[in-house]
Amino acid sequence: MAKNLILWLVIAVVLMSVFQSFGPSESNGRKVDYSTFLQEVNQDQVREARINGREINVTKKDSNRYTTYIPINDPKLLDNLLTKNVKVVGEPPEEPSLLASIFISWFPMLLLIGVWIFFMRQMQGGGGKGAMSFGKSKARMLTEDQIKTTFADVAGCDEAKEEVAELVEYLREPSRFQKLGGKIPKGVLMVGPPGTGKTLLAKAIAGEAKVPFFTISGSDFVEMFVGVGASRVRDMFEQAKKAAPCIIFIDEIDAVGRQRGAGLGGGHDEREQTLNQMLVEMDGFEGNEGIIVIAATNRPDVLDPALLRPGRFDRQVVVGLPDVRGREQILKVHMRRVPLATDIDAAIIARGTPGFSGADLANLVNEAALFAARGNKRVVSMVEFEKAKDKIMMGAERRSMVMTEAQKESTAYHEAGHAIIGRLVPEHDPVHKVTIIPRGRALGVTFFLPEGDAISASRQKLESQISTLYGGRLAEEIIYGVEHVSTGASNDIKVATNLARNMVTQWGFSEKLGPLLYAEEEGEVFLGRSVAKAKHMSDETARIIDQEVKALIERNYNRARQILTDNMDILHAMKDALMKYETIDAPQIDDLMARREVRPPAGWEDPNGTNNSDSNGTPQAPRPVDEPRTPNPGNTMSEQLGDK
């Protein structure tokens, strides 16, 4: 930045100097008015007058000099000078040199070209690239000394590491494979959700193999000029051939690898020409021995079939969400850089974070460290990890948001309705936490934490989720009446309706329609799908689908109403606990559902200075009472969040 500033300052100074040199030269001596000059001529004090246009350089008889200018054309001036015996010398007007004339005439054009080059360099990222280097590859090469990542830094995806381990062996000892006539896959496509470690795994391959590593994003190929994408692909593979054996890593390849001939661009756009060139380079007339192309995407369904055939991306490696053992390994990797308390158990944290990706777990460790730093602690304990988990799962607390007592009470009944239904319907995830502290965009949150990694869901579980989603709205309706039900259940209704429609149209849970697929194809144009949508059902079938969805929701809605009606005492008690503690966890919910006295949450401080402890400071044993009334097991399911 400093070098560019100095360069532009030097250019500005040079231009100013050039323009000053082209300007009229300054006359020597002082300047006097024209009337004084005429008086001195009449008084015979002038010896010589040099006339150059309107400028007169005067030399007096006492050798003093000055300059004056003729304001208007004076035809009598020459006669007057000759009469007084003044030596008159005529000088031709100054004309610019040929070089100056050329410069002045071409300067505007040169200035425009210079500005255009400047902006093109900025668009190309500046640096040492020329203004016309659009076709040069933007791939960045990392040498083996720059890549410090190894397989030891990658955890939670053992199967994926095994899949790519032979790539490392080939890059280390290619002769061992070539002797037996074996060919290593030319391309490996890593597929998986965001944040699962696809890019990290590619870097680990390069770090283990100790070979040059070219990295580029799929969006770096295509820009504003036609032909740039294909040119960059050619240049990238030319660089890779010089550095072979090497690895080319293309992140988010779906940016250029989408299916051809579909979408709004028809079959002839710049992206498709880039893809065509990539297909040729990967497996065309000329081979690329020693070059392994690794690509990553979370949308393999939109890629062109020619890109996925053997000879190009021979192998697809699925990098999925880690299981509980994988999450434990990932947490241990990220915990290396954090000072931990003695109570930290990565296995417990892993069991409490189902569905977390590697990036989510890294964020969890970082958030826990930040919580510890805010509390001026020297180590990170389980308390900070619990706070970090709640923040990631439910959103940050908004304690500054002012709520009236009536709003807090309505929110407490709403969240209590979710929790009670979720606790009493079969096959539902356990209630982890209920809070009426605003988090994120929600006024309150009821969070259900699965006991394990969910692979599939039964019909009963799905219907239980629908009942739980309507628990909040039903609690408001029972307590306040239909006229005073709030809009807080809008997201619950949306999730429940989509869930019921999927059960009917995709998962075959309708006796009337049977196990058939009725859902329409949902592909956006920009993802390489067709613009037109095909309708796969008649109007009569669509009407039956709507009836089945409504019947499914009404059945679970009525079941949830009956559960709350039978357990009104628990609903009121949970509301009171939420109004007092604001947040309750599983132990408090257990007490409420068993109709016992509620123990205070861990770390809760009574503003009145009293608590539920004996003289030794330990909580008193809860008082057992009757069990809640549960309905007969029926068909049932529930969403993770019931937000107010």
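Note: Cβ is positioned from N, Cα and C throughout, glycine not excepted.
Take the Zn(2+) site that Swiss-Prot assigns to HIS414, HIS418: the candidate from ASP343, ASP345, ASP492 listed for it is ASP492.
Here the candidates are the recorded positions HIS414, GLU415, HIS418, ASP492, and by Cα distance the one nearest THR199 (ATP binding site) turns out to be ASP492. Counting neighbouring Cβ atoms within 10 Å of each of the binding-site residues (GLY192, PRO193, PRO194, GLY195, GLY197), the lowest count belongs to PRO194. The Cα of GLY192 (ATP binding site) lies closest to that of ASP492, out of the binding-site residues HIS414, HIS418, ASP492. If you count neighbouring Cβ atoms within 10 Å for each of the recorded positions GLU415, ASP492, the highest count belongs to GLU415. DSSP classifies LYS198 (ATP binding site) as helix under the three-state reduction. Candidate recorded positions: HIS414, GLU415, HIS418, ASP492. Nearest to LYS198 (ATP binding site) by Cα distance: ASP492. Of HIS414, GLU415, HIS418, ASP492, all annotated as recorded positions, the residue with the shortest Cα distance to GLY195 (ATP binding site) is ASP492. Close to the recorded ATP site, the chain also has MET190, ALA296, ASN298, VAL319, SER357, GLY358, ALA359: residues not among GLY192, PRO193, PRO194, GLY195, THR196, GLY197, LYS198, THR199 whose Cβ is within 8 Å of the site's Cβ mean position. For the pair formed by ASP492 (Zn(2+) binding site) and THR196 (ATP binding site), distance between Cα atoms is given as 29 Å, rounded to the nearest Å.
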